[in-house]
């Protein structure tokens, strides 16, 4: 071929000119764009690229597949084709030898490195040992030289003393004593110096000997490790190159030798013990003691009884209870099953860990504490203004700008003592406390505007206070207005059974004005008087206990909980357990935002450091063990989850019977709202009259107007259903009702409302079932079907015959079989039912002994509910 240009060659092979020029350069050929390329240069480039990419190397492994086909005669005229496939892999011998050679060289290299390393370590150890010996020898020589120097100095001093004694005249007694004392002092100092030098030499020698010993021990340990590693590698190498079956045989032989040597070591005295039967037949039935908590599954019960689960299920079926292996049994059912199976039980407390953790109670001397007061009322009745006046007059005296309340709670100092106020907007925390049976609130102040009278939310506040069982003090506000009418307020509240002391009741009424401050001191005195009547006391020492007023998630500080301490003391650094959350108190702040180190009873504080945001209304307690606190919090979370799953259908009208059975609902709680007061009174009276000895209707709350968030929280706290008569729920209330899964029903006719509540109460009673005959057919002939067996040709004499209904086969008016109608045909068509006077073919499921003259009775099971 003729020479081609660089551009043409690059275009033919599909690459760029620059890359091709670079490849020529790598091959040792200098080319540039525009030059020509001859055949020799092409061949050189091709050889270079082949070597570079490895294509010039010879194959090291080759696999050949062969297939041969032959014919095998089977019998006289039958032949079978046999195909034999063979696969052979050939490996280049030089490669194997090269690999073995490389492995041997690598092993030699590693062995040489190990030898050199070992020699270096031995040499270092020898040098260290020699250095230590040399150091010890020098120390010994120094010691000997010091001893000789000491002896020489002593001799010299003795000679000098004798010379001085000869030359000097006779000394007096005082001079002799002074000279003797000087000599003794000099001798003492010399001995001290010699002892110090001797001690230093001994320490240096001992230190050198210790270093040499440690180095020798370290080298000896490393040599042993190297030797063990080398032996292990040699053993592994032997096994790697040995046959697998030979290795297994060798291991088996070693095990047999070990077993035989073990048998030889055993004494003949104990040989007879192994020949005895290991199982002894029980002389009496095994009686087990099962520890029972509140609930237990069938599988867990079987495991504790050491029997199979189907045995427990059989026993329950004999007792008339159907169950599965994962079904949860309550404590009473489990007790009956255990007693039926002949075992014993022991009731245990599921909250043992929690009780143990909280056992360190505040046992001590009780002292009086400040009352906890909650102020409730309509937002337009001056509640906020009254709070602001109390805070400005009693808390922020002398402080510019007043005080910003951080935690919804604060203390007021009066002449008669302290008062703790709780600000619970929306009454959410108050309702949660009442639902948990808490006693955080001691007194409720009801604020009512003198010019506006009792409003619907005022009635709701009265219902909340009455449900919580706390005393009520009425503050009639806005008395500075000309239209103020306190007598009207007393009259309207008397309809709610809130009677003033002036009218012979038990509730205190105070006329106040948040604008002018009139009556505020009298209100505070009334609170103090009421608290003295209640005789409020608490233990001031010991671990603190309280309740969570409110909680939130602060962006900069994390979970923040407002806690009202009820007993004991809460300190910074304590481990606090609040419901499902726990943590160490990192910081505490009071209502002014100032840091606190200690909080006593009736003191509200803001706590930082919890693991999460606790629920408002949860109990808070100081514990000692953080690990146990974490376990209790996790267990509470699990228990809450199980309870939530168990009460998915709680407060549903259709499931009242199930709730009654489980003991969750002992009465039908209702929150009733209507458009006018007359309807509320009429419906309440009618519903209460429906109560019987078995089922009781309890009107938890009632009022006029739309269904609000307060009604929803009240229903959630008391497990009630919400009934609305010509009213509707607002968006906030609907969100709460959906979140708590509370049943909400609207009515416009009073009779429909009463009938449905009556039906719900009837649903609490056990239903009855009865069988109702719907058709009768007489067998006229019997046919055989290959698919269905015996088919009865029948004439329907009474009622209708329906497909897939339960049936009975009667012979001489005696029931001989009870089953299900499987096939129903008229002529050749499948039909769903056949009326009276028509012929049909009936196939009875799993029964073929049908005879002419039999009667087939078709029936259905009807549930008959008990009604009140």
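Glycine is no exception: its Cβ is also placed from the backbone N, Cα and C atoms.
Here's what Swiss-Prot has on this protein:
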REGION    49-72  region 'Disordered'
REGION    92-276  region 'Disordered'
COMPBIAS  92-240  compositional bias 'Basic and acidic residues'
DOMAIN    368-537  domain 'tr-type G'
REGION    377-384  region 'G1'
BINDING   377-384, 423-427, 477-480  GTP binding site
REGION    402-406  region 'G2'
REGION    423-426  region 'G3'
REGION    477-480  region 'G4'
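Sorting the compositional bias 'Basic and acidic residues' (92-240) by DSSP state (H, G, I as helix; E, B as strand; all else coil) yields 143 helix, 0 strand, 6 coil. Sequence-distant neighbours of residue 377 (GTP binding site) (same chain, 6+ apart, CB under 8 A from its CB) are 383, 445, 446, 447, 448, 457, 458, 461, 475.
Within 10 Å of the C-beta atom of residue 479 (GTP binding site) sit 21 other C-beta atoms, taking all shown protein chains into account. The most densely surrounded of the binding-site residues 380, 383, judged by C-beta neighbours within 10 angstroms, is 383. According to DSSP, residue 377 (GTP binding site) sits within a strand segment.
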